[in-house]
Amino acid sequence: MAELNVALIGNPNTGKTSVFNQLTGLNQKVGNYPGITVEKKVGTCKLPDGSKARITDLPGTYSLNVTSADEQIVVQLLLDSEPESRPDLVVMVADVENLKRNLFLFTQIKDLKIPVILVVNMADIMPRKGISLDIALFEKQLHTKIALVSARKGTGIDELKKLILQFRELSVSSCIKVTDIDPVYFAELQKAFPGEDLYKLWLTHTRESDFLDHKNSEHRLHDTNGFPERSQTERKKMQQKETILRYLFINKLLKEGYKKDLAAATDLRSRIDRILTHRVLGYVIFFLIMLLVFQSIYNWSSYPMDFIDGLFASMAEWVSNTLPSGSFTELLAEGVIPGIGGIVIFMPQIAFLFLFISILEESGYMSRVVFIMDRFMRRFGLSGKSVVPLISGTACAIPAIMATRTIENWKERLITILVTPFITCSARLPVYLIIVALVIPDQNFMGLNLQGLTLMVLYLLGLIMAIFSAFILNKILKIKSRSFFVAEMPGYRMPMVKNVTYTVVEKTKDFVVNAGKIILAISIVLWFLASHGPSEQFKNAEEIVMAQPGNTQLSEEERNTAIASYKLRHSYIGIIGHVIEPVIRPLGYDWKIGIALVTSFAAREVFVGSLATIYSVGTEEKETIKTRLSGEINEWTGEKTFNFPTGISLLLFYAFAMQCMSTLAVVKRETYSWKWPLIQLFFMTGFAYVTALLAYQFIK
Amino acid sequence: MWELQNILVYLIVLAALAYLVKKFFLKKKRNSHSGCDTNCGCH
Amino acid sequence: MGLIRFRKYNIIALLKQSQIFRKIVNENINCCLMLNKVIKNTIAHLKKGEKGIIGEYSTDAIPVKLQEMGCLPGNEVQLIQLSPFNDLLYLNISGSYFAIRRETAALIEIAKAE
């Protein structure tokens, strides 16, 4: 039997994700990192009879009338031209406090003639808020089955599973008559497209595309079959009529079967709102929260990071001492283990970042930030809603760019997409951490730690650059897009431990597994290139070094180092490195940094792993990454490779350069053309090169 | 022992290379395809 | 004084009869309101905490999404909070809470204030 295909739909902030987590547990997959950029969250749910259902968690949507890219995805799935990829069943999650608006979407889905189960979530608060619900009446009027669920308490989930199993018994009749909107229009529509479902036709004909690039969405009204299309004004009038019809139906139903004690509901909310959206206090609180988040990420994650770094160093040592010597052992000790170490070391801060971001979103605070920041952001051509992508951009630009889908205005959305990669993402953090530790003294300046201060400056630099380029783009881009802004202000909720934990575990796992695979593969290839060479010079390195006069008096250790560096210079990677060296020497980098730089165009976080691999090839003792780098000597200047000017130049380069293939892929997908990602790539990297060059030449 | 290790290394390096090629070159094709998917109008 | 007011009212009434001009009126409503407060009242003119009943508006200028959120003629609206710089209005329209920009709010009439 084929797996049951269930789509989970609902308004934002109804606890849809909690229901999804309850149904699927950790059997879910989200692709965010290198390569798989799937926006759909899919999980498997075991049904009472032992069979399995495949559950797709769709983005939150208010309506099937498409006005944002998120809604586009939902409608696309529901109207998929391939019948087998259309869901067998829709589970629609509604919040018991907001039933009116939630039912609006419900009646629309009903009109698609897909079986729907209505989940009324947060049922546990009903007695406290004085809410009562006549379920029998609702089921009869809505032609559906209702599951009263509390995702927070975990109640009602088994009943929901039972209902899913019996989905064939569900009625597919509509709640309203679509033709009532305008009988003449619909008769004409039916005549032009015989055999097609009227509501589906209506949906595709009234679709708005303000959130899309207009040039690429011109085909939306193709194929009119000689149908006399009405003007935009008339269509919008009809849409209003549709909305009114639906609400008439819903209001009547609610009046008969839904009671709510109003006095109990709104008090706490307005009291918290008064503080969090206060014109002064609001900003102070926002700033303090951000400060707390970043401070704790650095302070808390540095301990596990040091521990992981040491752990991998001793692991490499153990492997090379214990396993029989040979090239495979070398691969493990010099390629694989440092490579994996370079991934795992970021786990703590990724976890912390996602922990904070998911708490901010779950609690409802993010919407208040949108509310207080809109005015400020609009000055730079952004929307208040750009705050969410810009904040989550500190974790990773990929989910951040996907989060721009809620922005209704195409221009504001495009600018947000284009500037988000400037925000310091977690992949830059390890690069920053290691370079800052190498070149900035661990001293206090006016009571503040200099290293911490440098990090903060780097974050600010990213933010300033993002806002500054938004400002420029706003002036340059000539896009006419009607500007409107509707942001829901959800009620405050205690973040659910389960949801937060899942987000943190999922994202961290994603990062380690997906980004890790690439880093590991690159480390292996790099190691091979660094420990093999094409020429006779590489093969006979030992003799050549020994034959050099003056090398005979060296101690054994010094001799080994000399041989190793001679070999490295004549290895494949050494040859490639010397070819690119002229380009990067003005920035103060040697060819080894150059190699790491090139590999980090796959993803920034590869940098540390690459350096670790290149520098560990041929060395006897397995040290931590940090001590290894600090001991490096530049062969041209005789000074330390990672001195102050080079360090600053590297930091600036990483702050500005576009070095993430997956981000480029996502930008391409979200903007529907290669134009924007290519502009991003060249502009950001060019800018990075120039700033790094100027900085190095100036400080040197 | 030495030979065996060498063969193993070559296999692993080849596998890593194949993986990278698959990830970054074959991926792009699929991406441009899904770009059309997410665009509207394909109903 | 009385004459001026009367004449202004007449012009507006004439304009209202035509579909096209109605839009212009709506767009310039802010300016009209500055001239004469009697003519129209919009959501943008609510004071913090104040309630009103949504009146007619031009469906052209109002995003569909706003209607779906419950912003329909006849529904009650309350201004909960103004954002700093008074740019966003945080509203409660028949139980759904959301924020819109001032320029959008200025397009939605209030039929009668309570």
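If you go along the chain as it appears here, the first residue is 1 and each next one adds 1.
Every residue gets a Cβ built from N, Cα and C, even glycine.
For A:10-17, A:57-60, A:121-124, the entry in TrEMBL reads GTP 1 binding site. The Mg(2+) binding site annotation in TrEMBL covers A:ASN21, A:THR24, A:GLY25. Taken from TrEMBL, the feature GTP 2 binding site covers A:GLY35, A:ILE36, A:THR37, A:VAL38, A:GLU39. The domain 'FeoB-type G' annotation in TrEMBL covers A:3-170. Annotation source TrEMBL lists transmembrane segment at A:280-298, A:336-360, A:380-402, A:414-440, A:452-473, A:511-530, A:648-667, A:679-699.
Using a 10 Å Cβ-Cβ cutoff, A:ASN121 (GTP 1 binding site) registers 26 neighbours. In this chain, the transmembrane segment (A:511-530) does not touch the transmembrane segment (A:648-667); fewer than three CB pairs sit within less than 8 A of each other, excluding pairs fewer than 6 residues apart. Each of the binding-site residues A:THR14, A:ASN21 was scored by other CB atoms within 10 A of its CB, and the lowest score goes to A:ASN21.
The number of other CB atoms found within 10 A of the CB of A:LYS16 (GTP 1 binding site), across every protein chain shown, is 26. Sequence-distant contacts of the transmembrane segment (A:414-440), counting only residues of its own chain at least 6 positions beyond either end whose CB sits under 8 Å from a CB of the stretch, comprise 213, 302, 305, 342, 345-346, 349-350, 353, 381-383, 386, 389-390, 393-397, 400-401, 404, 407, 450-451, 454-455, 458-459, 462-463, 465-467, 469-470, 473-474, 477, 479, 515, 600, 603-605, 607-608, 625-626, 629-630, 642-644, 646-648, 650-651, 654-656, 658, 660, 663, 667, 670-671, 676, 679-680, 684.
When other Cβ atoms within 10 Å of the Cβ of A:ASP57 (GTP 1 binding site) are tallied across all protein chains shown, the result is 24.
Across the structure, A:THR24 (Mg(2+) binding site) and A:ALA123 (GTP 1 binding site) place their CA atoms 20 angstrom apart. Contact count against the transmembrane segment (A:336-360) (Cβ pairs under 8 Å) is highest for A:511-530, out of A:380-402, A:452-473, A:511-530, A:679-699. Cα separation, A:ALA123 (GTP 1 binding site) to A:GLY25 (Mg(2+) binding site), rounded: 20 Å. Averaged across the domain 'FeoB-type G' (A:3-170), pLDDT in this predicted model comes to 81.
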